[in-house]
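Participant: Here it is, the structure, as structure tokens.
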């Protein structure tokens, strides 16, 4: 055998292992090492090209919003302050004009009621004969709220009574197959027209008689609006018991409102005589008494006029 063959047979053959050379793997956000040029199409999304913070850490600086930039402008701050002052002046002007034409602060006084006051006031309207003290209570020259004084006028009962009267009138017309929106509107407008005419007539009479009284226009609206309570009772009894029930209840309510108005307005219109405690005789005082009687007598007439056609 050839010596070269023996040497080849006695020498072990070396095995070739695969190379352990690592191939670089591209990571997200890093360029491909085999790529010749960087891809700058999405540089904004990866943060390339953004402004660097002055700290040098490599993070992009937060961009200021347009609102913050606007507020940081001194001119805009001055404009905002000027606009706020204009808005405050406008609100003050509107409040003054509204309070001049519509006394909101005074109206709050007339609606300062509670459940107990409403119940006692309704009892006083139906049974004024049992009441003795008709003086209005004052606290530091200011009348107390209606919820603390049953003799104080309020607008809650007249307002609710007027709305209820319109609804009851619609019910009465519906039971007679005469209901229509136009007729119901005519009923409400006629009641308001009579109330306005009453107030104007009383104010003119007080001016002609030269009465110095603390009776205001809102007080007149309140006192004249109490008659709607009796009108509601008369119409409801008429619907339930016919004309007999209507005339009985309405008659009672007419007498009650007459007594109520006499005893209430006597202290308002005849304030001078009531303050002195001595009846003052004279032509002027007689005119005041006649005016009080006329206002009280007009209430039953209007109660009948506004309700007699609703009961058949």
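Backbone N, Cα and C atoms are what each Cβ position is placed from, and that goes for glycine too.
Unlike curated records, TrEMBL annotations are generated automatically.
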Participant: For the record in TrEMBL, which of the ranges 267-286, 287-306 is the transmembrane segment one?
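Facilitator: From TrEMBL, the annotated transmembrane segment range turns out to be 287-306.
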Participant: From the ranges 1-58, 59-116, pick the one that TrEMBL records as region 'Disordered'.
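Facilitator: Result: 1-58 is the stretch TrEMBL calls region 'Disordered'.
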Participant: Among 186-208, 220-240, 246-266, which stretch has the most Cβ pairs under 8 Å to the transmembrane segment (155-174)?
Facilitator: 220-240
Participant: Should anything in the same chain at least six residues away from the transmembrane segment (246-266) have a Cβ under 8 Å from its Cβ atoms, list it; otherwise answer none.
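Facilitator: Contacts of the transmembrane segment (246-266) (Cβ under 8 Å, skipping residues fewer than 6 from its ends): 124-129, 131, 134, 151, 215, 223, 226-227, 229-231, 233-238, 274, 292-293, 295-297, 299-300, 303-304, 307, 311.
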